[in-house]
Structures are given as structure tokens and as C-alpha cells.
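K.L.:
A single structure is presented below for examination.
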Amino acid sequence: MPPVLYLASQSPRRRQLLTQIGVTPELLLPDADEDAEALETERAGEAPRAYVERVTLNKLTAACARLARRGWPVAPVLCSDTTVALGSRILGKPTDEADALATLRQLSGHTHAVLTAVAVAVPAAAGWQQRLAVSVSHVRFAELPDDVLRAYVASGEPFGKAGAYAIQSSLAGWIPQIEGSYSGIMGLPLYETTQLLRDLGVHP
Ligand SMILES: Cc1cn([C@H]2C[C@H](O)[C@@H](COP(=O)(O)OP(=O)(O)OP(=O)(O)O)O2)c(=O)[nH]c1=O
């Protein structure tokens, strides 16, 4: 029997969030020789929204190709990407401790945007039907003391996270205000995801 949904994501948070809305996905993780980072390459001058949409559709296309290559049963596929933007500047995942510290210092005392795109492909008569939605949230950080930032970076928490932080971590203690979607900031906007899955007849 094919699964209800494949989740093409290495993020344990996305799996946890999908489970929260009653979907237990089958994981469709990249093969060892796939270059997942290449799908997230930035283009000079590209706006954050265009970037997050393009990367998410890249992930989806790669996931559908993976399914076909493996000969796994055909079923709907879901992908997502989270991008942090300070104005028009994209703040990606930190490359090392210095980069994480520099990123967090830029966020300190300011409001930034968190954009999460979610895309779903469903099997159709000719290939796949694709749909995408984007959730945009705003997060305000208080002034972050340097000793707090240094300890946070030393904890390892920033790595693998867009913008070098997680809202579901201790740094939440320095966020006086968010506007938008808490689940979207974490990595999968549950309202938009539910709407897409309902529209496509995947999940009630
Ligand atoms: C801003 C923010 C990001 N994040 C995480 C969500 C994502 O996992 C990560 C952004 O990287 P993504 O490239 O969106 O996702 P990923 O590489 O972890 O997983 P995959 O591409 O396989 O789906 O940052 C949080 O967990 N909390 C936050 O508050």
C-alpha cells in the first residue's frame, strides 16, 4: 500500500509538526550521493520570497525524481524551506561559530522576517501536479547581550538553522514579539499545509 504522504525532509521538526495535524508521513530522504546543499544556492540579487519558492520547488522536483528512481509506490510528496531575511538580505544557516555569532549580532535589537514555503506534489495523469504556499512571519529580538550569544553559539543550537537560531530554543527568552505563524517559524506552517493537503484531497 502506498503511504498517505512522503515527507522529503531531513528536519525532525517538520516530521513532528506534520504529526501534530494528524499526518504520519513516510520519510523520503536524499541518497548519499545527492547534493542537498546545491538546491539551496543563492543567486545574486534574488529577493527572499523568490528564493524560498525556488528552493522549495527544487527540493520537490528532486524528491519526485528520487521516488521514481527508487521505484517506490507513487504517493503525494511534501517539501518545505525556511529562510530568514533581514530586509532584502538572506541570512542562511551558519557555516561556523564566527558566522553564527555575526548572524545573531545582526538580528539583535531588530525585527526580521521568516519565510517558510511548503510545496506538495500529487500524482496526476501526466506526471505530477504541484502546489506551493508561503507563510511570512516577523520576529523581533530584544538587544542580545554578547555573553548570551556566545553561550548560545557554544551550545551548538544555531547549526542547521536558518538565521542561526530556533524559536523553540532558549533564545525565545529574548523574543518579545512575533507576528505570523509559530509553526511556520519552526519550519512548517500548519495552516497553509492543512489548506494545501485539503485542496489536493490528501488529508481531511
Ligand atoms: C528560524 C528557525 C529555523 N528553524 C529550522 C527549520 C529548518 O530545519 C531549518 C532551515 O533549513 P531548511 O533548509 O528549511 O531545512 P533543513 O535543511 O533543516 O531540512 P530539509 O531541507 O531536508 O527539509 O531551520 C527552526 O527550527 N526554528 C526556527 O526558529
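The backbone N, Cα and C atoms fix where each Cβ goes, glycine too.
Features from TrEMBL:
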SITE      Arg13  site 'Important for substrate specificity'
ACT_SITE  Asp81  active site, proton acceptor
SITE      Thr82  site 'Important for substrate specificity'
SITE      Gln168  site 'Important for substrate specificity'
K.L.:
Within its own chain, what residues at least 6 apart in sequence put their Cβ under 8 Å from the Cβ of Thr82 (site 'Important for substrate specificity'), listed in sequence order?
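P.N.:
For Thr82 (site 'Important for substrate specificity'), the qualifying residues are Val52, Val114, Leu115, Thr116, Ala162, Gly184, Ile185, Gly187.
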K.L.:
How big is the Cα-to-Cα gap, in Å, between the residue listed as 'active site, proton acceptor' and Gln168 (site 'Important for substrate specificity')?
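P.N.:
One finds 17 Å between the Cα atoms of these residues.
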K.L.:
Tell me which residues of the chain lie with their Cβ under 8 angstroms from that of Gln168 (site 'Important for substrate specificity'), as long as they are six or more apart in sequence?
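P.N.:
Listed in sequence order, they are Arg13, Met186.
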K.L.:
Mind giving me a neighbour count for Asp81 (active site, proton acceptor)? Other Cβ atoms within 10 Å of its Cβ, every protein chain shown.
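P.N.:
Result for Asp81 (active site, proton acceptor): 26 neighbouring Cβ atoms inside 10 Å.
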K.L.:
Please report the number of other Cβ atoms within 10 Å of the Cβ of Arg13 (site 'Important for substrate specificity').
P.N.:
17
